[in-house]
Structure formats: C-alpha cells, structure tokens
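Participant: The substrate binding site feature in Swiss-Prot is assigned to 81, 220, 221, 222, 271, 386, 387, 388; the stated evidence is sequence analysis. According to Swiss-Prot, the Mn(2+) binding site annotation covers 229, 249, 296, on the basis of sequence analysis. Annotation comment: Swiss-Prot describes 272, 273, 274, 275, 276, 277, 388, 419, 514, 515, 516, 517 as GTP binding site. Per Swiss-Prot, active site is recorded for 273, and the stated evidence type is sequence analysis.
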C-alpha cells in the first residue's frame, strides 16, 4: 500500500506538519492496514480492552474481585527489560560511555529500518501523543509513540497523560520526542495471530542527540511503553544534562511531622529494593504521616527560590507484583483494589482473581503465568518474579495533593540505597553535596529479577541509574557535581545512604523495614532541622541506636546496633571494588570523585 491508500492517514486530528510527515514516513515503511490517532478517551480504552480480550491477549478478571481489570500473559521470552539489547546511539562512542551498548547511529538506523519494513502488515498503526509530567507545566515534555500494540496504547493511557489533550498541547509546531515501537510480528492475509506477538530479534535503541527512541521486537513494559524508562530516564537524562536539571530513577515521598511540617524526600533505589513500598510508606511512629508523589521517576530542577524542586513525570504505577501484600504495602494493595488495572504475568485464581508469591492466601490451584495448571506441588513460581500491575496513580489513597503541581515539590533530602547483606549501615548522612554524589556514584546492590543477569551478585548501580543513563556515566557524575556547585549550598537537599537489607551472621534481617523505616526517616528529618545527633565515621555521619526513635518497636537493641555498625575491615574490602568501578568509568571520572575516594581511604587507614 502507498500512504495514500492507508486508511486513517488523511483524517488526522492535527495540523502539525512535522508529526504528519513522520507518521506518513513510518506508515509507508511499516505498511499497516490502518492508522489510528489515539484520543485517550474512556470509550477508546474500553474498545481496545474488548479487542484484546477477543484476541486472547487479555483475560477479563472477576469484576467483584478486580473491577474493570485484566490479566495479560506474555510470551515466556518477553518478560523483562533486555539490557543486552538496549543501545545508546550517539555520534561518538565516548558520549555513550562504558555502561551503555553503543552502535554508530547510521548503522543502527540501517539495521532497524530493514526490521521495520513491513513489520506492521495486518495490524493497526496507533499514533499515541503523550505528556510526561503535568500538561500545564512551564515547559511540558511531550512525546508521540507510534506502536502496533493495543497493549501499549491502553498501558500508555494509564502511565502518561495521553491523548487529545497532549496533542492539543503540541499545537501546530511544538517539539516532541519521536518514539517508534513495533512488536515485529506482521500478519499475512488469513494468518492467525498469537495472544502475545513479539519477535526473537529485539532492539531498544535511543538516539539522545536527536531525542528519538526506536524499539523493535518486544511488547513488554519498559521495552514498549516508551514514555517510561526510555523517555523519562534515558532521553530525559540527556536533555537534563544539556538544560541544567536532573532526570532520576527516584521515588518522591512527602513526610509530615506531628507539627504538620512537610518534608519532601527523593530516593534512588535499584529495581526491587522497595521503592514503591517507601513511596507508599505507612509510618509506625505516632503523629507522623506520609503521602505519595511518585514511586519511580523524579525530574528535578531549581526553582526561583534556589531550592531543588521535583515532579513525577508519570501518571500511573507500573509496579512489581511479587512481594506486594496487605502488610508490606497496604497502600499499593488499596490502589490496585480500586480497579482499572492491567496485570501482566501474575497467576489467576479459580474465581477470576489474581495471585502472586508473597500475597496473602494459600491457593491450592491456580493458572500460572505460562497458562498452565499450578498447585503447591508444582515446584515453580506461579507468578513471574518480574510480573507487574499497571494502575492509575489517582487511585492511591496516600496521594499527596501536590503530586500534579506543575512547579513540583521542594526536596529536603535525597536518599540513595541498595540491597546489601553486609557493610552498609541502616543510614549514613553524607558530609556535603560532593560526598553525597560519591555515595550515589558508588552505590552497589545485589541483582534482582527486574533485569537480566545473575540474581544475588553485587553490581555497581550509580544513583540506581546504571540501566537508564542516556550518556556517559562520567559526564553524568560531573553533571551532578556541577548541579551542586552552581547552587546555594544552604538550599541543597541533604544526602543520605540507606540499607534496609543488612543481615546478621545467621542470615536474619537486622531491621524490620517497611513502615518501621519511618523511624530512620525521622532521624534524617531531625538532622535537616539540626535536632538529632550522629557519630562521625569514615563513611559519613551515622546515628547510634539511641539517636533513633525506637519507642514501641519490638526489636533486639543489639540487632539495631549491628544494623548501624560501621566495620572498617568490611569497608577496606569495599575499596578495591570501588577502585575497579572507577577504572571502568574511565577517563571521564570527575576529579571530585577521585578526591572523595582518596579521603575515604585516608579516613579508613586512620581507623587502624
């Protein structure tokens, strides 16, 4: 078909010539049966969900258990982000840096153009306009995703401000990030579709300099919902570097003291380290309350008053299901219970509800994530470890009224944290901004199921951004340092380093975590207010057990002491690992971080 004969191309609801030319170019290349501009309406959502049920992609769940909610089971080969197939294609290889896969942009465009040729035959090409962050922001960040996946269209409606309003905001000549996605599964006439079409060949490619994303072969989450990690972190981090702001893999939490004073906290943890749990914290200490601004991504820029303000660019939660339950995260469960959720790769109960490992209940029979019968004797997990729920943020019972404020919220503290059995104390305060950047830059965490790789080994994950950097990691560290240098130091957030996951010699968790983490945050807030003590150690300022509010907490004081312990011999063992990491970062490592490393070595040597 030529573009003139592809239905829908001639009835586009926009006069934006750049957008129309791009849609026409992609349609001519990919050869869809029709072109549809998504409007983001309820009616469209219901129509697409009904289509997905008919196609076998969605199963409608019991409306009494999960109102207006669906279950999708993916192809077993398409279950997580594929870091090995994720590329940053800058003109110069050094600008992508050592943490990213790189290919020459012209070569990559050639390879992927061949893959896209005819890839949407037999399918519909959807044009999905969206905005990351509030539509009424001073500088709204707009994007358009072209996709042949209805699963993507309905998920983008939940995860972003998608549809007619975003298209109107774009106007006739506004800038937008081009995000092209195809599952790579063309249908010949009469060919029967499969419930989860995808392609064995996968590419998730970013062109930071031209602000473009090309994704092929995967229908799963972060590979296909291109507003999420691809735009909000990889492309946005490059934009932020050029424009003087920060795009970070961080939750945003509002903590309210008994005196009704609000503190906004941003926290960077690698995937599956409790970001969503902390974002929806239920404090266990009397008089303290918490509200949610975001659970995954924070865009931070300086306000007119010199403080750092953060916005959550997302519109929904795309959370890991396993481990989420009524005790670990009751607010996530309430958000899900309100309905309007798409579950992916969880198990299904006999009465049309969902189940996953860690959820209350003791089911004797399920249909597992592969569509097979499951019983407790099956010997494998019923839900995939990276199974997900995709749910509107507006349903969260702890949602802060400021979540949608185009100005953002002023950040008082930044936390970095990972999953470490040893070495790293429950909380450490950085000495200053540059020391805080060093802490973030050397963050280590044990591998999780959210990405490919061996589970349990410690990998460096700087600022929890290792898989999400859109440019050279050394330039990124320098950007963080410069953000601090260019600011009024008295107005910068304090930086803390947390580890909820430290274990004793017998393998037990030393700290109960979850809602009890409010006690740790209380100490951080009191440090901001100069009301709490801490002990200077080689790695920073660490509280003693007496400095924490442990009232009403049933925990052995010796365990708290152990959770807070700074053991010089463990840190000396950490030094060569940090050195190895900095060598990997290479020539662009800022001297400020080398200075911090030398200072840490010196302080540890003085400990004897």
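Quick reminder: no glycine exception, Cβ is built from N, Cα and C everywhere.
Describe the structural surroundings of these features, if you would.
Facilitator: In the structure as shown, the Cβ atom of residue 222 (substrate binding site) sits within 10 Å of 25 other Cβ atoms.
Under the three-state DSSP scheme, residue 229 (Mn(2+) binding site) falls in the helix class. All chains included, 25 other C-beta atoms sit within 10 angstroms of the C-beta of residue 229 (Mn(2+) binding site).
All protein chains included, residue 276 (GTP binding site) registers 26 other Cβ atoms within 10 Å of its own Cβ.
In the three-state DSSP classification, residue 273 (active site) falls within coil.
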Participant: Which ones are near residue 249 (Mn(2+) binding site): of the binding-site residues 81, 220, 221, 271, 274, which have a Cα within 10 Å?
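Facilitator: Matched binding-site residues: 271, sequence order.
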Participant: Among the binding-site residues listed here, 220, 514, which has the most company in the form of other Cβ atoms within 10 Å of its Cβ?
Facilitator: 220
Participant: Give me the Cα-Cα distance between residue 296 (Mn(2+) binding site) and residue 516 (GTP binding site), rounded to a whole Å.
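Facilitator: Residue 296 (Mn(2+) binding site) to residue 516 (GTP binding site), Cα-Cα distance: 21 Å.
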Participant: Starting from the Cα of residue 229 (Mn(2+) binding site), work out which of the binding-site residues (222, 272, 274, 276, 387, 514) are within 10 Å.
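Facilitator: For residue 229 (Mn(2+) binding site), the binding-site residues whose Cα atoms are within 10 Å come to 222.
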Participant: Over all shown protein chains, what is the count of other CB atoms within 10 A of the CB belonging to residue 274 (GTP binding site)?
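Facilitator: Residue 274 (GTP binding site): 23 neighbouring Cβ atoms within 10 Å.
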Participant: Relative to the mean position of the Cβ atoms of 229, 249, 296, the recorded Mn(2+) site, which additional same-chain residues have Cβ within 8 Å?
Facilitator: 228, 232, 233, 297, 468
Participant: Which number gives the other C-beta atoms within 10 angstroms of the C-beta of residue 272 (GTP binding site), all protein chains shown included?
Facilitator: 21
Participant: Tell me which of the recorded positions 81, 220, 222, 273 ends up closest to residue 514 (GTP binding site) in space, Cα to Cα.
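Facilitator: Going through 81, 220, 222, 273 one by one, the Cα closest to that of residue 514 (GTP binding site) is 273.
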